[in-house]
Amino acid sequence: MSTVLKGNEVAKALKEKMRVEVKDLREKNIIPKVGIIRMGDRPDDIAYEKGVIKSCGTVDIDSEVFQIPAESSMEELINLVKKLNNDDNIHGILIFRPLPDHIDTEIIENLIDPNKDIDCMNPINLEKVFEGEMDGFVPCTPKAVVEILKYYNIIPLEGANIAVVNRSMVVGKPLSMMLLEERSTVTICHSRTKELPKITSQSDIVVAATGRAKMFGPEYFSEDNIVIDVGINDDGNGGICGDVDYDNVADKVKAITPVPGGVGSVTTTILLNHVLISCKRMNNIK
Ligand code: NDP
């Protein structure tokens, strides 16, 4: 029997700890708060926004949406980011991407205060990940993967052989750096990797993040694999599925995250935890 690595369980444990900390802060009249910047009305952004606001409610973190029209100028967006950077009552800033074409995303990424950059947009925070300094804000999805592995602790990350099938700046590269910090041995794989099934099946842990629905069938795995499925794909039936062919793989590996209910369930909680960390730092609370 393989173990199902449920993201909800990890999120629940993290949230329980956070609730206690938020309560303490509120008793000191300190209210953790996230400022959400949304340009326009893209349905994806609105759905994500609703999810974040709902999650904030579960841990008693305040949220405020700063919505401006999609056609707003670069200057208007810059002024809004500066306003939130300078607002002592805002501890985390979340900006939905992709930004409209006329916006220079790089300028915005560099403008966001690194200390409030809960989604790791500012290159300063990303640089820290690559330098092995984990005191900045790390990208939420890779952090969610590490949290799941640590929570279930099936094998120690130290010394584990881990195949990460993704080399993007959002997932694969930062995740690999974070795992290196844990002293894992990381193999970064991608679309040109030769003999991928051989590499994955011989690894202790496999992180699948290709964005290709059900690409990873049983031939990629062995019974000793711990499988983390980062993929979020349209399943063609109005739902979502992962990169792993779960129905045909789950019973054949040691442990596996489901989709939905796996990595995605932890990602937003990590984001909220960053708001809390920022709030404590801004108020000099350990
Ligand atoms: P990208 O498209 O940027 O990266 C995909 C990676 O997969 C690339 O490195 C690519 O290789 C590799 N790849 C594609 N096809 C194959 C193949 N046949 N064999 C081996 N490697 C392959 O996507 P992202 O990094 O942005 O996202 C990856 C997945 O993670 C998506 O499904 C996305 O929806 C999901 N995601 C989930 C999140 C969550 O919270 N759960 C958050 C963010 C993303 P190459 O570089 O050579 O092209």
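Including glycine, each Cβ sits where the backbone N, Cα and C put it.
What TrEMBL says about a protein is an automatic prediction, not a curated fact.
Copied over from TrEMBL:
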BINDING   Asn166, Arg167, Ser168, Ile232  NADP(+) binding site
DOMAIN    5-119  domain 'Tetrahydrofolate dehydrogenase/cyclohydrolase catalytic'
DOMAIN    139-281  domain 'Tetrahydrofolate dehydrogenase/cyclohydrolase NAD(P)-binding'
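For the NADP(+) site, whose annotated binding residues are Asn166, Arg167, Ser168, Ile232, the maximal Cα to Cα separation is 16 Å.
Taking H, G and I as helix, E and B as strand and the rest as coil, DSSP gives the domain 'Tetrahydrofolate dehydrogenase/cyclohydrolase catalytic' (5-119) the counts 59 helix, 18 strand, 38 coil. Taking Cβ-Cβ distances under 8 Å and a sequence gap of 6 or more within the same chain, the neighbours of Arg167 (NADP(+) binding site) are Lys173, Ile188, Cys189, His190. The Cβ of Asn166 (NADP(+) binding site) lies under 8 Å from the Cβ of Gly172, Leu175, Ile188, Cys189, His190, Val207, Ala209, Thr210, Val230, each of which sits 6+ residues away along the same chain. The average per-residue pLDDT of the prediction over the domain 'Tetrahydrofolate dehydrogenase/cyclohydrolase NAD(P)-binding' (139-281) is 97, rounded to a whole number. Summary: among the binding-site residues (Ser168, Ile232), the fewest other C-beta atoms within 10 A of the C-beta are counted at Ser168. According to DSSP, the domain 'Tetrahydrofolate dehydrogenase/cyclohydrolase NAD(P)-binding' (139-281) comprises 59 helix, 26 strand, 58 coil.
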